[in-house]
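TrEMBL has this to say about the protein:
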- 29-207: domain 'Formyl transferase N-terminal' (DOMAIN)
- G37, S38, N39: N(1)-(5-phospho-beta-D-ribosyl)glycinamide binding site (BINDING)
- R90, M115, R116, L117, L118, N132: (6R)-10-formyltetrahydrofolate binding site (BINDING)
- H134: active site, proton donor (ACT_SITE)
- D170: site 'Raises pKa of active site His' (SITE)
Amino acid sequence: MSKNFTLDTASLISPDISSNHTPSTPLKLGIMASGNGSNFEAVAQAIQAGQLNAQIQVLIYNNPEAKAAVRATNWGVEAVLLNHRDYKSRAKFDGQVVQTLQQYDVEWVILAGWMRLLTPVLIDAFADKIINIHPSLLPSFKGIHAVEQALAAGVKITGCTVHLVCLEVDSGPILMQAAVPVLPDDTAETLHARIQIQEHRILPQAIALAAQRQLQLTSKG
Ligand code: GRF
């Protein structure tokens, strides 16, 4: 006899981590964004609310139209435009990114909707200290249009992932994930909007977690 099976999606969502994951010294963040910047906003709000002990040293954006720049200015964070079109190669562009991050004394780099592939120039300069947020449950649906990919595949659950960045796209060690059910009438827009609610919740927590882990590794020598 078959039973009706109801999936308890709430139990799939990453639990909130306790505040003792918040490091005692403020983390110096450099945020990189190409678009709307709602994740920038979520990090800024978490800092203001005392949920993440950090300060945003700079926002780097590569698209002159990025709303993230307006958000940064509203938060009193310096927004630096580095337009990739002005550089001859990805490596040269990343070289300028690294220089800017160093100039602003950045310790952790947060890719919050950064729509450029990274080269070893940037990855090696901030080894294990670059964090990305991606709108799917990795390793499913890597790359662009992850929400559309999930809809096309007909999955019933998708979500978001915060992970450390390595050279292979959307593939580094996973820090946190949150699950989001796909509803029958979902469009890419409605589904992405619900995924973003979870992104805003877990990104600040995952930053704290990454810093905490790094601290534990360092103190173990
Ligand atoms: C997010 O969905 C993130 O997962 C992806 O790009 C989007 C950025 O959104 N990498 P926003 O610009 O932070 O609103």
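Glycine is treated like the rest: Cβ placed from N, Cα and C.
On the structure: features taken from TrEMBL.
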residue	record	Cβ neighbours (10 Å)
G37	N(1)-(5-phospho-beta-D-ribosyl)glycinamide binding site	24
S38	N(1)-(5-phospho-beta-D-ribosyl)glycinamide binding site	18
N39	N(1)-(5-phospho-beta-D-ribosyl)glycinamide binding site	24
R90	(6R)-10-formyltetrahydrofolate binding site	15
M115	(6R)-10-formyltetrahydrofolate binding site	14
R116	(6R)-10-formyltetrahydrofolate binding site	17
L117	(6R)-10-formyltetrahydrofolate binding site	10
L118	(6R)-10-formyltetrahydrofolate binding site	21
H134	active site, proton donor	24
D170	site 'Raises pKa of active site His'	19
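Between R116 ((6R)-10-formyltetrahydrofolate binding site) and D170 (site 'Raises pKa of active site His'), the C-alpha separation comes to 12 Å. Among the binding-site residues G37, S38, N39, L118, the residues whose Cβ sits under 6 Å from any atom of ligand 1 are G37, S38, N39. Long-range neighbours of N132 ((6R)-10-formyltetrahydrofolate binding site) (same chain, six or more residues apart, CB within less than 8 Å of its CB): L111, W114, V162, H163, L164, V165, D170, G172. According to its DSSP assignment, M115 ((6R)-10-formyltetrahydrofolate binding site) is coil. Ranking the recorded positions L117, L118, H134 by Cα distance from S38 (N(1)-(5-phospho-beta-D-ribosyl)glycinamide binding site) puts H134 first. Ranked by Cα separation from L117 ((6R)-10-formyltetrahydrofolate binding site), the recorded positions G37, N39, H134 are led by H134. Within the model, the domain 'Formyl transferase N-terminal' (29-207) carries an average pLDDT of 97. Residue pairs drawn from R90, M115, R116, L117, L118, N132, the listed (6R)-10-formyltetrahydrofolate binders, are separated by up to 18 Å at the Cα level.
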